[in-house]
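What follows is a single structure, and I will ask about it in a moment.
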Amino acid sequence: MTRPALLLLALLPLLALASLQLGLTIYGPGEVWAALRGAEGQDALIIRTLRLPRTVLALLVGAALGLCGLLMQSATRNPIAEPGLLGVNAGAALAVVLGVSLLGLDGIAAMTLMAAAGAVAATVLVFGLALAGGPNLPPAHLLLAGVTLSALLWSGTQVVILLDEAAMEELLFWLSGAFADRPLAALPWALPPMAAIAVLALLATRRLDVLRTDDGTAEALGVPVRASRLAALVAAALLAGCAVALAGPIAFLGLVAPHLAQLAGARDHRALVPLTMLCGAVLALVADIAARHLIAPSEAPISAVTALAGAPVLLALLRRRRLGTA
């Protein structure tokens, strides 16, 4: 394991502790430890019932979105593939809003299933649009298709919300993307598929490595390219859907985490898969802690914080690709 990877691994528990400590009220490590051991009192209750769930949620959603971005980038050989940019988050969000507003769904299981279905449908649409011009997936075509589809889906989401005044406040809060005040009742429905996909990704590292080569090389090595690519994209969409069901749509985490893992020294997927999940969890915790303090005493939406970091990364990647093809 490289030194940057070890640093990230050591940073994770420190950030988790900071997440439990920091907020409108700052607690010491001793108070956090006492609360986790079952101490009574208002401060202990705040740590256990408010800060601990949001910390756990940030870890899980960050890891899921990081892996989602890696699977998309590897399957498409495109460094800017990411669920927020490609309309996958928007598809999941629209599906949930339609389910709540038009179908009257209010259960956690139904929301999770709707989000997953919407994410998969959006993935199929965006890659279908990008492939309309030919069998290749140029970054510009993929980004254009994703931005176009995302705009259409978000417009549809806003129309549905405006037509349902009764659920407007609840839906707008959910769509803002946050780890605070989220029902952990969704975990039993979202965690099993997220864990299963992570295990499958770890078992399929060689196939993911081959997918990053050209199609001819992959076929020569015995890897069914189309089936493998489709499986990776569906798995990524399911991860995005589960993440949206848990925390709402959060952009750019899936873009930044895989590149951070590569900067930390990961080269093949045997190292990239776990390290990208680690990077996603670290980034989610950093974003959540920053969101609490940027406009204190209020909290900033997580997506606003992740966009501050993700947008420059996207511009740098596009510039590097343009220079590479010039």
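Just so it is clear, glycine is given a Cβ too, placed from its N, Cα and C backbone atoms.
Per TrEMBL, the features are:
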TRANSMEM  50-72  transmembrane segment
TRANSMEM  84-102  transmembrane segment
TRANSMEM  108-130  transmembrane segment
TRANSMEM  142-163  transmembrane segment
TRANSMEM  183-204  transmembrane segment
TRANSMEM  230-252  transmembrane segment
TRANSMEM  272-291  transmembrane segment
TRANSMEM  300-318  transmembrane segment
Among 50-72, 84-102, 108-130, 142-163, 230-252, which stretch has the highest count of C-beta pairs below 8 Å with the transmembrane segment (272-291)?
50-72
Can you say which of 84-102, 108-130, 230-252 has the most Cβ pairs under 8 Å with the transmembrane segment (142-163)?
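Maximum Cβ contact count belongs to 84-102.
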What residues elsewhere in the chain lie close to the transmembrane segment (50-72), defined as a C-beta under 8 angstroms and at least 6 residues from its ends?
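For the transmembrane segment (50-72), the sequence-distant neighbours (Cβ-Cβ under 8 Å, at least 6 residues beyond its ends) are 16, 19-20, 23, 36, 78, 81-83, 86, 179-182, 184, 187, 191, 194, 197-198, 201, 208, 232-233, 235-237, 239-240, 242-243, 246-247, 250, 253-258, 261, 269, 272-273, 276-285, 287-288.
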Quickly jot the same-chain residues contacting the transmembrane segment (230-252) by Cβ under 8 Å, restricted to those at least six beyond its ends, or write none.
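Counting only partners 6 or more residues beyond its ends, the transmembrane segment (230-252) has Cβ contacts under 8 Å with 57, 60-61, 64-65, 67-69, 71-72, 74-76, 82-85, 88-90, 92-93, 96, 108, 111-112, 114-120, 122-123, 127, 174-179, 182, 186-187, 189-191, 193-194, 197, 200-201, 208, 211, 284, 302-303, 306-307, 309-311, 313-314.
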